[in-house]
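Trainee: Take a look at this one; I'll ask things after.
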């Protein structure tokens, strides 16, 4: 009888779509690894949004999903099943109470490895939660990115990412966003 890590019970978990720094290989994945170790999260696979959404970078190359279905591209990310305790830690990281991001539903389709996404059956879709840019700056962020987005946050998009502790501490994250959206495009 091998030691099996107990998966969180399905009824109490929330499925969370991660498209940015929480993904494997990126700076905030340490939190996800911590949650997996404590039994508060489990990896469910690589998925893609059923509809197109804009995925853009804000200040310090921080990724933001904009809640504008139909614009942008289908976004690829990772799906995690998260316990209530894990969810509160993710909400804290994402600044939910501070107006940084909002957690809202998104519809995903399983991304078949090597499969043709266009022929995928819609019946395999599911509704999960995702962290979107807050409405207070979403439109300005879209304009600042010249309405251009990408389909996945990769090492290329993450190049130049600045960790939270390395950013100027006298400004809030929302201040950083306001400065970013009001500055001219490179």
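Using the three backbone atoms N, Cα and C, a Cβ is placed for every residue, glycine included.
Copied straight from TrEMBL:
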- 16-117: domain 'Gamma-glutamylcyclotransferase AIG2-like' (DOMAIN)
- 94: active site, proton acceptor (ACT_SITE)
Trainee: Counting each residue once, how many in the domain 'Gamma-glutamylcyclotransferase AIG2-like' (16-117) are helix, strand and coil under DSSP?
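Mentor: Split by secondary structure, the domain 'Gamma-glutamylcyclotransferase AIG2-like' (16-117) comes out as 26 helix, 42 strand, 34 coil.
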Trainee: Including all protein chains displayed, how many Cβ atoms other than that of residue 94 (active site, proton acceptor) lie within 10 Å of its Cβ?
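Mentor: Cβ-Cβ neighbours of residue 94 (active site, proton acceptor) within 10 Å number 20.
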